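Visitor: My questions all concern the structure below.
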Amino acid sequence: MKDLVRRPMNEADLAEVLQIERSANRFPWSKQNFADCLSGNYQSWVYQLPDSMAGYLIVQNILDEAHLLNICVQPQQQGKGIGRFMLEQMINDAQQRQAKLIVLEVRRSNHRAQQLYLQQGFNEMSIRRGYYPAEQGREDAVLMGLDLSLMMDFAE
Ligand SMILES: CC(C)(COP(=O)(O)OP(=O)(O)OC[C@H]1O[C@@H](n2cnc3c(N)ncnc32)[C@H](O)[C@@H]1OP(=O)(O)O)[C@@H](O)C(=O)NCCC(=O)NCCS
């Protein structure tokens, strides 16, 4: 990840972020969704390669909980370890902030992302029925969590 630089997302990034979001997701976030995340209690990060944006990650911090709202890698850059690198950095940030829990929702059909989360120690907590729009009706979300207090206990 030598050439990968993380920096805060800003308004000027939104066009490129939306392009990636639309190319990587069947039901992409809107421009307004991202704009909302640039204000308030969110951390919005862009991951930049020398000549292009590789991806982005958005976290909402609520007290001692961090909610991973969006993680996305530009399709041509997927499968190279970038997503794992971004997630590891996010987990590290949450630990630094003394968060106790990281939570996220993921589509039941998104095995690729679930694999990544499981590898990083997340567990399935519950199912949110019909949480996402889908081509036919709605799709369930798997609510996954990473208990950082357990990780801290192990580290001690
Ligand atoms: C999910 C996502 C962020 C992963 O990023 P990535 O850079 O492609 O992932 P990495 O290269 O770091 O791979 C990490 C792990 O993900 C899983 N993974 C990656 N590509 C995979 C594939 N083609 N099939 C199955 N699992 C895969 C593997 O577990 C992999 O670990 P391994 O290489 O040790 O097997 C990326 O695929 C993406 O942006 N997808 C579209 C948006 C999305 O679904 N976001 C998650 C919403 S909850």
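Glycine residues also receive a Cβ, built from the backbone N, Cα and C atoms like all the rest.
Just so you know, TrEMBL annotations are computer predictions that nobody has curated.
The feature domain 'N-acetyltransferase' is assigned by TrEMBL to 4-149. Positions annotated as active site, proton acceptor by TrEMBL: Glu105. Among the features that TrEMBL reports, acetyl-CoA binding site is placed at Asn110. The active site, proton donor annotation in TrEMBL covers Tyr117.
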Visitor: For the residue listed as 'active site, proton donor' and Glu105 (active site, proton acceptor), what Cα-Cα distance in Å is obtained after rounding to a whole number?
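Guide: Each residue's Cα considered, the residue listed as 'active site, proton donor' and Glu105 (active site, proton acceptor) end up 11 Å apart.
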Visitor: Quick check on the domain 'N-acetyltransferase' (4-149): DSSP residue counts for helix, strand, coil, in that order please.
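Guide: In the domain 'N-acetyltransferase' (4-149), the DSSP-based counts are 50 helix, 58 strand, 38 coil.
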Visitor: Counting every protein chain present, what is the number of Cβ atoms, excluding its own, within 10 Å of the Cβ of Tyr117 (active site, proton donor)?
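Guide: Step by step: centre on the Cβ of Tyr117 (active site, proton donor), count other Cβ atoms within 10 Å, giving 22.
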Visitor: Please check the recorded positions Glu105, Asn110, Tyr117 against ligand 1 and give me the ones with CB under 6 A, sequence order.
Guide: Asn110
Visitor: Restricting attention to the domain 'N-acetyltransferase' (4-149), give the mean pLDDT.
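Guide: Summing pLDDT over the domain 'N-acetyltransferase' (4-149) and dividing by its length gives 97.
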Visitor: Within 10 Å of the Cβ of Glu105 (active site, proton acceptor), how many other Cβ atoms are there?
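Guide: There are 16 such Cβ atoms around Glu105 (active site, proton acceptor).
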